[in-house]
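What follows is a set of notes on a single structure, which appears directly below.
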Amino acid sequence: MMKYVYQFSEGNKEMRNTLGGKGANLAEMTSLGLPVPQGFTVSTEACTRYYDDGRKISEDIEKEIMENIEKMEKVTGMKFGDVENPLLVSVRSGARASMPGMMDTILNLGLNEEVVETLAKKSGNPRWAWDCYRRFIQMYSDVVMEVGKKYFEQLIDEMKEKKGVTQDVELTADDLKELANQFKAEYKSKIGDDFPTDPKEQLMGAIKAVFRSWDNPRANVYRRDNDIPYSWGTAVNVQMMAFGNMGDTSGTGVAFTRNPATGEKKLFGEFLMNAQGEDVVAGVRTPQPIDQLKEVMPEVYDQFVEICHKLENHYRDMQDMEFTIQDKKLYMLQTRNGKRTAAAALKIACDLVDEGMISDKEAVAMIDPRNLDSLLHPQFDAAAIKKAEPIGKALAASPGAACGKVVFTAEDAKEWASRGDKVILVRLETSPEDIEGMKAAQGILTVRGGMTSHAAVVARGMGTCCVSGCSAINMDEDNKKFELAGKTFHEGDVISIDGSTGNIYDGAIPTVDASIGGEFGRIMDWADKYRTLQVRTNADTPDDAKRARALGAEGIGLCRTEHMFFESDRIAAIREMICSDTVEQREKALAKLEPMQQGDFEALYEAMEGDGVNIRFLDPPLHEFVPTEEKDIEQLAKTQGKTVDEIKAIIAGLHEFNPMMGHRGCRLAVTYPEIAAMQTRAVIKAAINVSKKHPDWNIVPEIMIPLVGEVKELAFVKKTVVETADAEIKAAGSNLKYKVGTMIEIPRAALTADEIAKEAEFFSFGTNDLTQMTFGFSRDDAGKFLDSYYDNKIYENDPFAKIDQVGVGKLVKMACDLGKQTRPDIKLGICGEHGGDPSTVEFCHNVGLTYVSCSPFRVPIARLAAAQAKIKADK
Ligand code: PEP
Ligand code: MG
């Protein structure tokens, strides 16, 4: 029979898949002899079964859970539901990959009126007993019954006001008892039933709620962003409670063995006396820095520091731990590899190598490539920031610079951002429901909360700038305004925040590109040592090319030549070309474009210093170039010597019902071979010129024909290219070599890749179009319906961001195999947006591509992901 429940004493850290990260580490800490309140883990397989069985916990699993409660009772000497000696437990989620704050937790489970009365008397600490009970009712109602936190928070606020106090800890036992009764009444009014008194019923309700929380909207969004499959499920940890709210000799805290923002090797964390875990994370009270625990409880502090060292050495990585002190006794509730900023990740990895703890290969493997993105983002312009006067300062929770319009709700952040506004989300404090708004914002500013508050942790993970805990702000969320430094800010007002200093500024401060070096360079060098997949860039302009080269691009995998035509001085020539009636007229217009293209190509060759430069010939439907404004149409009519009506007729003639599948790509060159001829001349002449200047560079231009679906159309265009190129080379007395290849971006091209390879010397997978045409939906409009596909679990990811390995991937693989059959040394690359996505990079490595090509800022991500793919494959 399948085993679904494991005591902590039965597991170890290798059992993440079954026990989840938290469960596996609780088991590991138990076996290391650390003070862990004992308990058991209900496995991820039980979660999968819960869903398979129609969101039910089957009788056999329920039985197994209750048997494990009995085992717990033996270990702890307490009894579940007992009045005299009750066993109280926490119920927490714990997936394979950590998903901080995304799923649910219930504390103090096992309490009812009778138990709490006895506990209050026996412990001599009625305040604690009633505090536990009111917390339990509150959490259970919220998490299990989904009543909503706000009703309970309102009751607490009313009680504090009535008693004339500001802090929860100032409420007395009687106040808390009254609150518990009010909570139960609230529960009954919302649910219709009395609050459950049977601990078994409470436990099953809580476990179900944690399983259910695997599928809550914020967890689904988090998984999508972090490549965590839905099929994994979460485990549930049932653990004996350790009470941090027993009075002034108790407390709770969170700590990292190294600073998660900077990587500095120094214990970093916060604690709160007389509190339970959620108080620290929720940011309701402002916690004390961990160092101060040394003064408050020196022995406990020393013991904790020793455990930190032990855990870091054991896991060979920075640890993020939760602990509770119950009446001067320390308990460890969790350890995990800590989330960190990109800068901290690089520093920690390098330091661990220097400390002899890990190898450079392990350093490369431990960094999340997606994290690097935040390092590459803008910072404030140094001169401008020096002159600027901050209007407030709070915690520098997540680095980076952000400037934008103030919004007050996550929904507004999402909506404004979708309209193209840059926004700063300003909140009293954030909660997991805010995740989508946080993602849409440039930066996050909160009034409450410490460095380990929800806002801080989540923003750091996302690489979004965050300043937290600005208590100087006088907030009025309901009326969408706040006051700071004597000024009232309304929705839409612009502010700037600095996530590296915690400073807040009125108005916009200019930002500059990030500069990288030091540890970044070391990690990148190590990555380059291990990877075999090359990384090129998609660059259309000389500036893009230079930026990408500085970030390590080993060539250009895609230059979209049409992007060179959009500037105002060039668009006129291309419009002239489009409006031409004869080949001669068209050639005359093209002749104006030729030197411009040639100049840009020369700059691209220069930037790449002899590495491959792949020039893709004109691809978009021509209507993209024609004017829409009346005055531009009139201007064009004038330069073309035509009437406005004639120009309008030409524009109308370019209309297509489905332009993405219309007259574009190589079809343009089939209709107008003179376009391909002009582009060929520009490519070849540029290469010859730059080769003359740099005789040591071996420039071999790569000419790429887009949107091919039939070998004969490629052969047709190639003929023009070869004839033109050979004539140019001959005329220049050069011996330049060049290659002609194609994009594989139409399913038919993938299916007939053996034929296509007879003409194509290289393939580059255009996975944007290939995805569009394989799925049969538009790359520009899929956003309209993808959300309902996620909600209904039809897709887990955006297929335009992360390659669909099952379908599109099958075509890629097939095309690689067929292409190699015809031309064993064929060069294979990818240049769709997917080329910078780490999971796609791994796929590309595994199918044997020569290179990936991605936008300049993603080059380092791809370099690291390529190294990780190789290291993983070698394992
Ligand atoms: C592609 O289709 O993947 C591609 C790179 O070309 P474009 O995005 O320009 O259509
Ligand atoms: Mg394309």
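Placement of Cβ uses the backbone N, Cα and C atoms for every residue, glycine included.
The domain 'Pyruvate phosphate dikinase AMP/ATP-binding' annotation in TrEMBL covers 17-54 (among others). The average pLDDT computed over the domain 'Pyruvate phosphate dikinase AMP/ATP-binding' (17-54) stands at 97.
Positions annotated as domain 'Pyruvate phosphate dikinase AMP/ATP-binding' by TrEMBL: 56-290 (among others).
The domain 'Pyruvate phosphate dikinase AMP/ATP-binding' annotation in TrEMBL covers 302-351 (among others). With helix defined as DSSP H, G or I and strand as E or B, the domain 'Pyruvate phosphate dikinase AMP/ATP-binding' (302-351) counts 24 helix, 17 strand, 9 coil.
If you look up TrEMBL, you'll see 422-502 marked as domain 'PEP-utilising enzyme mobile'.
When secondary structure is read from DSSP and collapsed to three states, His454 (active site, tele-phosphohistidine intermediate) falls in the helix class. As annotated by TrEMBL, active site, tele-phosphohistidine intermediate applies to His454.
Residues or ranges marked as domain 'PEP-utilising enzyme C-terminal' in TrEMBL: 520-870.
The substrate binding site annotation in TrEMBL covers Arg560, Arg616, Glu745, Gly766, Thr767, Asn768, Asp769. Using a 10 Å Cβ-Cβ cutoff, Arg560 (substrate binding site) registers 18 neighbours. Under the three-state DSSP scheme, Arg560 (substrate binding site) falls in the strand class.
Under DSSP, Asp769 (substrate binding site) is assigned to a helix (H, G or I) in the three-state scheme. The Cβ of Asp769 (substrate binding site) lies under 8 Å from the Cβ of Met660, Leu707, Met743, Glu745, Ile746, Arg779, Gly832, each of these being in the same chain and 6 or more residues away along the sequence. For Glu745, Asp769, the entry in TrEMBL reads Mg(2+) binding site.
Cys831 (active site, proton donor) carries neither a helix nor a strand DSSP state and counts as coil. Counting every protein chain shown, 28 other Cβ atoms lie within 10 Å of the Cβ of Cys831 (active site, proton donor). Residues or ranges marked as active site, proton donor by TrEMBL: Cys831.
Cβ contacts within 10 Å of Gly766 (substrate binding site), excluding its own Cβ and spanning all protein chains shown: 28. Counting Cβ atoms from all protein chains shown, His454 (active site, tele-phosphohistidine intermediate) has 23 others lying within 10 Å of its own Cβ. With the fewest other C-beta atoms within 10 Å around its C-beta, Asn768 stands out among the binding-site residues Thr767, Asn768. Cβ-based neighbour count (10 Å, all protein chains) for Glu745 (substrate binding site) stands at 27. Each residue contributes its Cα atom, and for Gly766 (substrate binding site) and His454 (active site, tele-phosphohistidine intermediate) those atoms are 39 Å apart.
All chains included, 28 other C-beta atoms sit within 10 angstroms of the C-beta of Arg616 (substrate binding site). Arg560 (substrate binding site) and His454 (active site, tele-phosphohistidine intermediate) have their C-alpha atoms 42 Å apart, to the nearest angstrom.
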